Amino acid sequence: MVGAMANNGRIRSAFPVTNGSKDLTPNSAPASTTGSEYGPVEFTREDVETLLNERIKYKSKFNYKERCENMMDYIKRLRLCIRWFQELELDYAFEQEKLKNALELNEKHCVDMEVSLKNKEEELNMIIEELRKNFESVQVQLAREQTEKLAANDSLGKEKEARLSVEKAQAGLTEELGKAQGDLQTANQRIQSVNDMYKLLQEYNSSLQLYNSKLQGDLDEAHETIKRGEKERTAIIENIGNLKGQFSALQEQLAASKASQEDIMKQKGELVNEIASLKVELQQVKDDRDRHLVEVKTLQTEATKYNDFKDAITELETTCSSQSTQIRQLQDRLVNSERRLQVSDLSTFEKMNEYEDQKQSIIDLKSRVEEAELKLVEGEKLRKKLHNTILELKGNIRVFCRVRPLLPGENNGDEGKTISYPTSLEALGRGIDLMQNAQKHAFTFDKVFAPTASQEDVFTEISQLVQSALDGYKVCIFAYGQTGSGKTYTMMGRPGNVEEKGLIPRCLEQIFETRQSLRSQGWKYELQVSMLEIYNETIRDLLSTNKEAVRTDSGVSPQKHAIKHDASGNTHVAELTILDVKSSREVSFLLDHAARNRSVGKTQMNEQSSRSHFVFTLRISGVNESTEQQVQGVLNLIDLAGSERLSKSGSTGDRLKETQAINKSLSSLGDVIFALAKKEDHVPFRNSKLTYLLQPCLGGDAKTLMFVNIAPESSSTGESLCSLRFAARVNACEIGTPRRQTNIKPLENRLSLG
């Protein structure tokens, strides 16, 4: 069998150890680079070191063409060397695999031989045992016959007649004994032959083990050779990287020299085409800049018109007030006229004419009041539009404040004592006053919603901001406030109640309706949804169908969801489930699925307290087939976990860890806002998963709006004051003008340098 193995599949010899100037190629198959312009090439250690230490000499320092050609030749030789090393590595891998296969085959053969020998040994032992039993039975029978023979001899005189029969029996027994002895001798011979075969198999097994040891040694030597080859290859790759850096620098110098040399410009037609295309793009950029300047001037003109409208509105309000006074005077006159009608001696006809005139005057005044009210509404719409435009130009984060109604069991008189709303024209609908320890704290935001405001009223104020996502902007809306202040109600609403739907389902309904209406203009949109939560500084995928991937007993997701921001400002979360959606009904189903997976818990401050930050992301990709314009918008809707004090929440155990993680991440958010407000060079976005995820939204690339939710009861005055102060600081942050992500489909074949 060994001979058969040697003849049929000869094991490839091990690679030689490379020392000094010996060849780096294996004995069996020397590596060569086939198909290169240099023909088959083999490298030694001296060749590689000479190639890496080679210094190119140039006839002229400024002859860039010669330097470029020499460098290209040098790079080709380096690539040839690398290719040779790669082939050498493949040979090593092939030899290693072949040795492994041969070793496995021999080991398997040895195991099979050992099993067969053990089986044969057991069979022979059984045969020997059976022969021994037969021999013992024959000996017993022989002893019995000899006893009978002695007894027969003693009674020979008396039993002469039986002597003949005894002799016959003795002769038969002697014959059987001879046969038994012959069988025993045959069995001994078979045992001897089996023992000889066993010794031969043991010797063959020993030779196989020696051969296996030799193969293992050859394999170890091959491993060492491969390791040394890998180390040398790593060193060569590092040197090649350095050479690539030098080559890149030389390429930059060459490009600079090409730009100043007219003869090379004529030879490099591709460079001329690239410059021409760059000029076209530069002209487009200039046109965009001019268009933006025109838009800025237009906005300035609209701002001037807004001021004029404001003055006109003030005049209309004054006129309205005077007209209201006139109406009251006319009404008084009408009453007096009616009284005079009763006592007057004038004719009924004259009194009726006067009454009709006064009635017509009242109708005219009412129509003028209605016109003034319509102009006032239009002026308010224009004011909102200009205010949003000014905020976008300034780059501020918009802040809306919402005060939730009192809950059953809370003191109904608390709100009037702690929270009030100014009635001045400047602060109407935008101001809120908080009383603490008989001290009044006044705040002004972009919008303030009283407890009577409905979900529809709140959504109306942000509908234009949501529309920006379809226009190609990044939009971020997040709710902030203490636990139990109504953040989740604002964002999600109350399931099953159409009137109390939250901002997230309303935003999606508006986006799907607008997408449908824009189809007539040639727009096609694709929408993708993802939902995650940040629980104890760990990201969980709420749309994952694998429950173990969403949550484990320890509360830590086994998957690693790393956050990455690319050069375009887009955010990617590794291993996060992203689903295409076609209707708001699909998104509602996904929201219900995410709500079931989200972490909630009971504390002393809230029966259903969110124990994690919930992030809903809608990615919008739109293309207009007629204009070939593309837009990419993102809508982030975030329900932050509520801040809480341990003394009030009474959290212990896991709830305590959750509270500490929530407060830490919100504190990191405060540090980021503080750094942005002070315009510091370093903003600590990486201090928490929440701030790092919100970096594009807080860094100036997005339109960002924050809801600060306030609880009206007096026991929450301290937390409400902290929330309002934080919101005021957020409102004062200037993070930059948001960028619209839109472009024209790029050309298929764009010329590039080099």
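Numbering starts at 1 and runs along the chain as displayed.
Note: Cβ is positioned from N, Cα and C throughout, glycine not excepted.
According to Swiss-Prot:
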- GLY481, GLN482, THR483, GLY484, SER485, GLY486, LYS487, THR488: ATP binding site (BINDING)
- 16-36: compositional bias 'Polar residues' (COMPBIAS)
- 396-733: domain 'Kinesin motor' (DOMAIN)
- 13-39: region 'Disordered' (REGION)
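Fewest Cβ neighbours within 10 Å among the binding-site residues GLY481, GLY484, GLY486: that distinction goes to GLY486. Cβ neighbour count for THR488 (ATP binding site) (all protein chains, 10 Å cutoff from its Cβ): 26. Neighbour density for THR483 (ATP binding site): within 10 A of its CB lie 24 other CB atoms from the protein chains shown. Proximity of SER485 (ATP binding site) to non-local residues of its own chain (separation of 6 or more, Cβ distance below 8 Å) is seen for ARG404, GLY642, ASN709, ILE710, ALA711, SER716, SER720, SER723, given in sequence order. Most other Cβ atoms within 10 A: among the binding-site residues GLN482, LYS487, that distinction falls to LYS487.
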